[in-house]
Amino acid sequence: MVFPPEREAAYVQRMFGWQGTRLRRLVLFAPVFFLIFIVIQALLMPAPLIDWLRAPLTWAGIVLLGAIGLWMRTVRSADLFAWAGVALQTLFLVFCALSTRPGHGGLALLLPMFVATPLVTAPFWARARTVFIAIVFAYLAGALALWHSAAGSTVWLAYGIQAVVGGVIAMAMHATVDNARRGYFLAEEELEQRARLDALTSVLNRRHFIESGEAMLLRMRPGEVLSACFVDLDHFKRVNDEGGHRVGDQLLAAVAHCLLELQGENRLIGRVGGEEFALLLPGMHAQEAERFIATVCERIGALAVDGYSCTASVGVAEWDGSETLSDLLHRADLALLAAKRGGRNRIVQWSAGVAA
Ligand SMILES: Nc1nc2c(ncn2[C@@H]2O[C@H](COP(=O)(O)OP(=O)(O)OP(=O)(O)O)[C@@H](O)[C@H]2O)c(=O)[nH]1
């Protein structure tokens, strides 16, 4: 399953989000695992543990792996974390390989067996290419261990077979799990999308319009402007009563389509009531919003379903730079009431007089 690049990135980041906390804890175990490997070797081989602990290689490994592990705890990007994980895992295996004493082929084989499935960070949530490189590097490190321990040809043959079979199995496991997760991710995205949109008109539903609008106001910087519009269709009850609800539905959908066609970047359009729509227009003063919405109203007036058409009344209010979304929409709503009172099919800008 191949996603477009931006969805692929979102998917990898989401997977990392799910597993990030556990992985951040896990990477700290790299120096500990290395120490355990040293202790196992010391127990199995005649050299005393103190000899191993005196070796500069042991301390270089512990310090370097510890430092990378600590740094990785601060990484937020999923891709960077995956590559750092590959580097950490490879270095861990290289240090294990280099600390393997010559003449002990059996012990050296432990390492490649140990790494049959890449350890430490096991970036199975990452992109397939990263996982593939992690597996190849893991087996190369295993080969280094064999070479270092001067293993015989039988051991090399066994390792070669294991590397090919293990590598293929690891990639197949990754592909299977990844495919299932991608399917789940797509289904979840679709559900989220459905929960955000109004079923009839495909504009934002009321809840998401309010949530997104509040988030938009929080992102506004000093000096930035924004206007809100409340659009209410005039005498819509008549359309339903005379043409039937199906015609009413089709006309509502056509109006929403008209609004969506004019949806510029960052503009928010929501259905906030039966035949009421609200718009948030960042970067527009009230006058600009009024001009913009006049074009929209003209297009709405030109719509017709089975000979039925409608006009719209609109209230416009400009954000004062500090008020809440609820207050801003309330002022736009008061302006809308004034438009209705004034005879409908018109746009009214909020002013102190409108509230009276
Ligand atoms: N077909 C259809 N009609 C809806 C929907 N939601 C609300 N309505 C109708 O919209 C109409 C709104 O009626 P009113 O609130 O009286 O408003 P109006 O007739 O547009 O009159 P004014 O707003 O005062 O101009 C009602 O008949 C509702 O049934 C919908 O999803 N589909």
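For all residues, glycine too, the Cβ spot is worked out from N, Cα and C.
Listed in TrEMBL for this protein:
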type: DOMAIN; residues: 224-352; note: domain 'GGDEF'
type: TRANSMEM; residues: 23-44; note: transmembrane segment
type: TRANSMEM; residues: 56-73; note: transmembrane segment
type: TRANSMEM; residues: 80-100; note: transmembrane segment
type: TRANSMEM; residues: 106-126; note: transmembrane segment
type: TRANSMEM; residues: 131-150; note: transmembrane segment
type: TRANSMEM; residues: 156-177; note: transmembrane segment
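DSSP assignment over the domain 'GGDEF' (224-352) gives 59 helix, 33 strand, 37 coil. Restricting the average to the domain 'GGDEF' (224-352) gives a pLDDT of 95. Sequence-distant neighbours of the transmembrane segment (23-44) (same chain, 6+ residues past either end, Cβ-Cβ under 8 Å): 16, 51-53, 58, 61-63, 65-66, 68-70, 72-73, 81, 85, 88-89, 92, 95-96, 99-101, 104, 107, 110-111, 119-121.
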